[in-house]
Amino acid sequence: MSVNSLGKQICDGDCGSGEGIGTIEHLSDENHGPKKNVKLLKNPTYGFAFKSSGGEVLQSFGKSVSDTVVLAKGSTHPKAMSTSRLGNKQHHDGCPSPDKSTLSTSSETSFEDDDSFSEVTDINESEIHEEKCMTSRRLKEVNTDEELHGDLRNRKFYQRTSKVRHNESELESRSDKSLAELTESSSDITPVDEQQIQSESRAYYLCWLVLTSLSFLTRVYNIEQPPHICWDETHFGKMGSWYINQTFFFDVHPPLGKMLVGLAGFLSGYDGSFPFNKPGDAYGDVRYVGMRVFCAVLGALLVPLAYQTVWLLTHSILASIFAASLILFDTGILALSRHILLDPIMMFFIMTSTYSCLKFLTYRSQPFSVFWWLWMAITGVCLSGAIGVKFVGLFVILFVGYTTAMDLWRLLGDLSLPVMVLCKHILARAICLIALPALIYMIIFAVHFRVLNRSGNGDGFFSSGFQSQLIGNKLYNVSMPQYVAFGSVITLKQRRTGGAYLHSHAHLYPEEYPPKQQQVTTYSHKDENNKWKIKPADRELAPSEDLLYLHSGDLVRLEHIATRRNLHSHKEPAPISRHHFQVSGYGQNGTGDANDIWMVEVEGASRGDKVQTVRSKIKFIHYHARCLLHSHDRKLPKWGWEQLEVTCKPNLHDTTSAWSVEEVIDPRLPNVSFEVYSPSFMEKFLESHAVMTQGNSGLKPKEGEITSHPWQWPVDYKGQIFSGQDHRIYMLGNPIFFWTLLVLKVVFLILWLSFSVGRKRNMPINKNLRIYYERTFKVCWWLLLGWLLHYLPFWGMTRVLYFHHYFPAFLYSAMFGGVMLDFLITLLCVTVPESWAMTMFHGFLFVTSGSILYSFYLFYPLVYGMSGPMANDEGSMMHRLKWMESWDI
């Protein structure tokens, strides 16, 4: 039987006023319900107990009043009991030494109704004084939860866990107050305060040093192999070269990762001349190793970061070792870290963001101190780095944002905190975690624009004004006619984010798309096939004809310069968008038919207004079919060179079918400087993001390309080929790790559900064990949230996906696994008889560590290179390891 509450709280001997020590105003017991007029009884054999007015013994506490007080102070519910009077609050010196035998009385002892109990009706002043002094001394001397509760089961729990947990002494040294702080909010993650618990232990740093050394060793070992381009090195190595050469390009990711790759190549002696054409091309004498080593270093730092992060969460060296080992010996993380890729750079910033956020929270007891500001600012810097490499970094921003919001919610509930101080907390976080990352993110793009100032193959994805600032572009520092006239040669660019140029070439639509006329497409790159001539609808222009400007409302024909065919449409369905009409090139030497006629309409202009270069938003309306010249992001098949489809859209009110004249070639017209069209930094910044977002959503798998789906990632269903030839590399997660982590997630949910049901049913449980459960479950839920935030969003994406997209989520899964393995070991050692605890601990530790190392031994050839026949062949070195048919090893 345990007492839930007995009226008012005992307060170090001062419990209010009343009439006599033996009368209890109110008692509420979980098995007996509320009781009134409860008597304090004393028995020579059993000690003190409470007895109801009906004669029922409710609870025994010990052989002294001090036991009663102590047990009330250490109850599960701090407001446990009250008496009418237990003397004054002041403690006196010269108290007699307490009887040590009274300190071990168990609070779980139950008593039958016994007539030998006598009601305590009178206690002389000396006895009261003696009991008060003993209570005071005991409250000062008792520092551990085991003694505070007088519960022998607590001793057994800590004796067992001390054999498997480095932090046993720290846990025992915490008072009820500190333990209550750890569990004050079910949604609040409180990292272990390193000012309360010193982490400068020899074991901590020794394990950190060993794991970090192994991490660097495994990442840089034979890193020059293979000496040819592997998988996406063809993209990111090439982009690093463009930064070195200051050549502008377009990519769907923010620029920081590629800038760092280029910087690493430049510092290591690479001159940016290698073309990085395709996977498998030999590097030869190119100095590529520096870029690989840079990525490997950042990949190697994931291991100590995971170790320190789990340490802050659990203060368990064992959990930290397990978490770091799951990252250290995972073959997928290892493969990504050894090549010129953005993934190790992004994962480094994700882990530093997570670690620095927790480090900042350790200084919550010292708000506005130097280190409080420092770690919060570092968190903001790392967040900007994460999203500056890939937009996937947005997920860790959401994760840190959630953690910060919960911390502010905790502060909001602190009624002792003045409103102005709370406002300062909010403002500080807004500065360091919102304003600072945003500022650094824009600085990254400012450097990107400043470095890439020369024209390249990515110009066409951006607006004419954007291109006018690129050295070498046709629009750079150029003078061009301000208006368009009949007879002018022009290029037309679609007025939408990432819009391409109207294009044609001497290839016909296939027979299945009649009437087999010349293809018309849009193309993102500048090309001679982008040029068209403006002609009147009803005649050919005579050389001696007067200059006639193009106006809104004019009827025109557009003649393709290279093939001399006119822009044409008819009521045949388009090849892909079947509800649109087909657009083609038709005629001979500029002569066609009535379906070549288009009406020019300028948005926001009156009929008869001149058409301006760049500024005018033009719609081309087919005169007979009554449809708009239109293009979108849908690519034609290989017969259309994977260029974008052009159609005639029947919806005349469509807002995405506007075009602009980018380039005008006409010696008859006066020129103006193109500087007037130059955009500001903010315009370029916003345009870049619009183009990147559209490019990301438009990524589709190429024919024969190995892709994957999100459901396949946690089960390690399919990997990614990095290298073929005689040095095969296959990026596949360590299957033992992946499958074990899935099992641990299921085990966690079962344990958490069981614990939650037990609490709901008020099942008895050791208090220290309950606190350990609650803290571990909160840490696990927090890490699972990180895993889910980096994994679930991919289920809703329509772009092409690859297995490597899962590995930021895997980092949180691995840390979760480390915490769970430590938790299961502790739980096992507490559950079994004490004589078996050490044996079980060593056995579990041996099996777990052996499995981690042996699984790496089995699958390390996937990373460092395989040779010989494929695994399907019985003579292959990997034949026995092809556990799934979907593995291409």
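The backbone N, Cα and C atoms fix where each Cβ goes, glycine too.
The feature region 'Disordered' is assigned by TrEMBL to 76-123, 163-194. Marked as compositional bias 'Acidic residues' by TrEMBL: 110-123. According to TrEMBL, the feature compositional bias 'Basic and acidic residues' maps to 165-179. Marked as compositional bias 'Polar residues' by TrEMBL: 183-194. Feature annotation from TrEMBL assigns transmembrane segment to 288-306, 312-329, 341-361, 373-405, 426-449, 736-758, 779-797, 809-832, 844-863. The domain 'MIR' feature in TrEMBL is assigned to 481-537, 547-603, 608-664.
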*asked:* Take the C-beta pairs under 8 A between the transmembrane segment (341-361) and each of 288-306, 312-329, 373-405, 779-797, 809-832. Which stretch has the highest count?
replied: 373-405
_Folded-back contacts onto the transmembrane segment (809-832), same chain, C-beta under 8 angstroms, at least six residues removed_ = 157, 160-161, 163-165, 302, 306, 309-310, 313-314, 316, 318-327, 330, 332-333, 347, 350-351, 713-714, 733, 737, 740-741, 744-745, 747-748, 769, 772, 776, 779-780, 783-784, 786-788, 790-791, 838, 840-841, 844-845, 848
_Using Cβ distances below 8 Å and needing 3 or more such pairs, separated by at least 6 in sequence, tell me whether the transmembrane segment (312-329) contacts the transmembrane segment (844-863)._
yes
*Look at every Cβ pair spanning the transmembrane segment (373-405) and the transmembrane segment (779-797), keep those 6 or more apart in sequence, and say whether at least 3 of them are under 8 Å.*
yes
*Taking a Cβ cut-off under 8 Å, which residues six or more beyond the ends of the transmembrane segment (779-797) line up next to it in the same chain?*
189, 313-314, 350, 354, 392, 395-396, 398-399, 402-403, 710, 713-714, 745, 748, 752, 805-806, 808-809, 811-813, 815-816, 819-820, 823
*Decide whether the stretches the transmembrane segment (736-758) and the transmembrane segment (426-449) have at least 3 CB pairs under 8 angstroms, with pairs required to be 6 or more apart in sequence.*
no
*Quickly jot the same-chain residues contacting the transmembrane segment (288-306) by Cβ under 8 Å, restricted to those at least six beyond its ends, or write none.*
208, 211-212, 214-216, 218-220, 223-224, 237, 240, 260-261, 264-265, 267-270, 274, 320, 323-324, 327-328, 333-334, 336-341, 344-345, 347-348, 351-352, 354-355, 811, 814-815, 818
*What average pLDDT is reported by the model for the domain 'MIR' (608-664)?*
93
